[in-house]
2 protein chains.
Amino acid sequence: MTLGTVSTNRSHGGTQGVYTHSSAETGTEMTFSVFVPDHEPGEKLPVLWYLSGLTCTHANVTEKGEYRAACAEHRVIFVAPDTSPRGEGVPDDAEGAYDFGLGAGFYVNATEAPFARNYRMRAYLEEELPDVIARSFPADMARQGITGHSMGGHGALTIALRNPARFRSVSAFAPIVSPLSCPWGEKALTGYLGPDREAWRDYDACALIEDGAALADLLVDQGTADNFLESQLRPELLEAVCAAKGQKLTLRMQEGYDHSYYFISSFMADHVAWHAARM
Amino acid sequence: MTLGTVSTNRSHGGTQGVYTHSSAETGTEMTFSVFVPDHEPGEKLPVLWYLSGLTCTHANVTEKGEYRAACAEHRVIFVAPDTSPRGEGVPDDAEGAYDFGLGAGFYVNATEAPFARNYRMRAYLEEELPDVIARSFPADMARQGITGHSMGGHGALTIALRNPARFRSVSAFAPIVSPLSCPWGEKALTGYLGPDREAWRDYDACALIEDGAALADLLVDQGTADNFLESQLRPELLEAVCAAKGQKLTLRMQEGYDHSYYFISSFMADHVAWHAARM
């Protein structure tokens, strides 16, 4: 495993890096960013994963997420992966739409042609990248948390619900809580997994909870002025299944906030503190 | 005066807006951003001006500056203007260089053809935009501070030194302290003002202090890993003239920090707090 360094910048009493590596899972070069607060030689710090939303790369949250001050204060490593494989030969949406294909991997292992070879973001994040992080950074992999935004909130919730022992803390910003129940999800999961909706349940936070998956607790922030609230995000579905199954959930409806990084950055320090207290 | 609203987003307990207006000084449409923390009806808040560096618009600091949390906490309005006139008919550097013309107005009133008509950023910031801010936002214009980065640090220092009664507080991030003494400054001031270097002194912080201008005090942060430190920024010139003239200066050399927004954002909250304590 060779890690390439794209850039490192000193910031907020730590090092913000951007790195590339050759992924066996996706068959592509993958780029991700890592912030490491200053620490003692040999010391290991807990790791907070942040999964990004549609159209994003690692760069959006790295530039606009305002997580570094809080991560330095709480001494947390922050890892931001890309949202899909990219590069020559990686198939995209036939019409280049923003909500499928490049930038829209939906954190699945695709089974449909022509996506099955490269679109393996689930395996990439559940198996391959954690190993890269553990080998290359001063990361205490016994203390991991995960969060994400929109499609990345969906990714964070489903990865955590399938791997509850790996994460001590889980949160999300404006997550897609049920791809089975919204147009973004129906389009993406049809394309990546085919029409059998039973196969989708492994990639649907509400279905996973309904089927018995559970977490210690869960924090979700959702803006009330989010354009996608009613059609795509539907936090009421998560609230209902959590209530039915006794899953602890803190759902905070944030008055007037939208779907942008102006919203995410406003509550990022809260989320970092919430994870730090649990990791 | 008509103000156009490009966007408003709720963020950090306030409103981040981007606005346009038709500037008589520059003869162009000008875009700027304003963050207004939540406040009581009729209440007026102090105003912190932030002038950006070469190649930037209002957008760089608005997206990457990490000022909103601190401005909301200290209840400070944050105004980020553009760095030059823009639009059809506005002359640019003959070869499209990044350090002259569009995005590189150097906060002067140009006297040389063909720049004299549009490149009036000094008058825009000293006369026109403050009036727009006073009329359109809940701004207490008796409580103003100013800061900026690189070329914008030069702008902040020189505008403050020429107008000490207007500002209660002045700071800068990695400022160009003496355009008379660096390649960026020599190129820009020759182009905008002509070859008579006496005419440049009004746009040189070190020369203004040497000629008797004074401020209550001054905070400057400068990264030691800044690529432009020795050739262009030269904080030692500011340190020397402040020492010679008894000008109070806090110059903080920040170990390992570079010239980017990773540096600026790391110390932005410090600067906002420093201004808030004085405004």
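Just so you know, glycine gets a Cβ as well, placed from its N, Cα and C.
Spatially close to B:SER150 (active site, charge relay system) yet at least six residues away along the chain are B:GLY53, B:LEU54, B:PHE173, B:ALA174, B:PRO175, B:ILE176, B:PHE228, B:LEU233, B:HIS259, judged by Cβ distances under 8 angstroms. DSSP classifies B:SER150 (active site, charge relay system) as coil under the three-state reduction. Summarising the annotation, TrEMBL assigns active site, charge relay system to B:SER150 (among others).
Summarising the annotation, TrEMBL assigns active site, charge relay system to B:ASP226 (among others). Sequence-distant contacts of B:ASP226 (active site, charge relay system), defined as residues of its own chain at least six apart whose C-beta falls under 8 angstroms from its C-beta, comprise B:ALA174, B:LEU233, B:TYR257, B:ASP258, B:HIS259, B:PHE263.
In the three-state DSSP classification, B:HIS259 (active site, charge relay system) falls within coil. What TrEMBL records for B:HIS259 (among others) is active site, charge relay system.
Residues 28-38, 58-59, 62, 68-69, 71-72, 131-132, 135-136 of the same chain lie 6 or more positions beyond the ends of the region 'Disordered' (B:1-22) yet place their CB under 8 Å from a CB of it. For B:1-22, the entry in TrEMBL reads region 'Disordered'.
A sphere of 10 angstroms centred on the C-beta of B:HIS259 (active site, charge relay system) encloses 22 other C-beta atoms. Helix, strand and coil residue tallies for the region 'Disordered' (B:1-22), in that order: 0 helix, 18 strand, 4 coil [DSSP].
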